[in-house]
Amino acid sequence: MTDALLPAAPQPLEKESDGYFRKGCNPLAQTGRSKLQNQRAALNQQILKAVRMRTGAENLLKVATNHKVREQVRLELSFVNSDLQMLKEELEGLNISVGVYQSTEEAFTVPLIPLGLKETKDIDFSVVLKDFILEHYSEDSYLYEDEIADLMDLRQACRTPSRDEAGVELLMSYFIQLGFVESRFFPPTRQMGILFTWYDSLTGVPVSQQNLLLEKASILFNIGALYTQIGTRCNRRTQAGLDGAVDAFQRAAGVLHHLKETFTHTPSYDMSPAMLSVLVKMMLAQAQENVFEKICLPGIRNEFFVLVKVAQEAAKVGEVYRQLHTAMSQAPVKENIPYSWASLVCVKAHHYAALAHYFAATLLIDHQLKPGADEDHQEKCLSQLYDHMPEGLTPLATLKSGHQRRQLGKSHLRRAVAHHEESVREASLCKKLRNIEVLQDVLSVAHERSRLKYAQHQDDDDLLNLIDAPDIISKTEQEVEIILPQFSKVTATDFFQKLGPLSVFSANKRWTPPRSIHFTAEEGDLGFTLRGNSPVQVHFLDPHCSAALAGAKEGDYIVSIQDVDCKWLTVSEVMKLLKACGRDGVEMKVVSLLDFTSSMHNKCATYSVGMQKTYSMICLAIDDDDKTDKTKKISKKLSFLSWGTDKNRVKSASTLCLPSVGVARPQVKKKLPSPFSLLNSDSSLY
């Protein structure tokens, strides 16, 4: 595992040096977060077992003809569905366990919602990568055992990242490393036989694919999830802590947005475009909530202009949470979003709307227009507080009339009390929220404050007050926005750089096996020139020179001279090696690039145990409505993320099947765009 800078030429990877290995958290440490993640992993296994049982029972019910057997299967199926519902509720309880992720400092604040990390299974890269190194690169695969072990160690460390910037760098370094691995070992025309399995963070349903893009997308999701955990951990009683929380949630939104735009068809609910859009909105809403807390942190002075600003800031938070709750209530997100999340979002929407009306009431009731006050400025602020004044009222007349100010202020208090009552009611309807004591305390204190304020100014003729408080225009001094991930700031060394420069020695290109060329320089003349950077190519080859007669060809890449690896050497360095050879001649190994084979997407085998239709499945099902019945029958047999047909698939070659000299691979028509490459923001499919 490494996080070192990429040198100009490959250097020995010093494992003893500081910073080479970047480890995750101790998986055996009994912290609150690790216990929660272990419970999530155990629940995922139980959900997998239950889903398999349900799938088997449904299949048996389809083929069974005996009446008693069918009745027994229906009974068992009802039990399995009941178990699945209970497991889903347990997983929802883990997703709303916000107390574990909050700051250790005691704070009287509304809790924030973090995302849990996606769980995965162990993967053994060694056999597949060793076979490919021998088959494709014609090198001794045992020379790369340490590099393969480093890759597997890095992946294992990413399962338990630390909840800080080092943990984010760890995940990002693995994501970048996956780009190197994809280019080196995953040709677009075949599958490598490595099954990647990841569990849905929201439903616990496992999804498996023989495709590295599932791994990359899941790592991106975990980067966003880790940012949310960092944001909830920040101390919200300090200015620096709130700044860190705002930044973390904006970065989480940026990572999830990048995931949505890059991986457009994903086989799990938590990474579907609709769900990711909602999660991005949720992160931005929580960032906006922290902006409001930053304004209130020094204390809210009971001044007219300060109260106008705070009221509009609170209205902004309430507005974004109201929009988020509307998005959560739409299909297909509604069926899979945790109910406790939607309830908490609804509670916050009413809570901050109530605060906005409370501050508006305070500025109207507690402040009178005094002689010498900035009358024009107050009139302008009051007119900008509403999109329209209540019927029969004008800003200036309201400011000058104490009776109108009190009547309008009390109407704001009535709306504030109504919103508080609704937030308390919503919180009481959700069992998970009832167990969050700090949330209940915040809601009850705010409700009591508004109720007492109204009771102080309540008159007997309030029933005759027909003024209806208008909505408050939302406004903020700091509009939150997504911060896209900056992978360029976290560079990593390619573990397999000994294979050669990635621009030439990649899985997309094929060469002849290395050929030994033994020749002598006649009177210091090699018979050819050199060109290129790394690796160096044979250029302007004299067909009658000793090298050409020994088998060298125009355009050959020089990979070694006198058993010295030359794949990373420049022209001047290779020329020094050639001139240093004595009278015994030059022993040189070269490879020839075969005809370029156009890349074609491999057919992606998706395995999802009894998973219901995802967002992507629903979209593709709609696209198929206009097709014929015959086409529909054929399409059902294929993966919904298929690339190409069976006849275009290239059978995986054996370890002993080395590329033959001079035999070019047939041209394959390119049907789809190239798959997602490293740091490429273009849209792509699995």
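The backbone N, Cα and C atoms fix where each Cβ goes, and this holds for glycine too.
Which of 46-66, 172-192, 193-213, 550-570 counts as region 'Interaction with Rho' depends on Swiss-Prot, and there it is 46-66. Secondary structure of the domain 'PDZ' (515-593) per DSSP (helix as H, G, I; strand as E, B; remaining residues coil): 14 helix, 27 strand, 38 coil.
Secondary structure of the region 'Interaction with Rho' (46-66) per DSSP (helix as H, G, I; strand as E, B; remaining residues coil): 18 helix, 0 strand, 3 coil.
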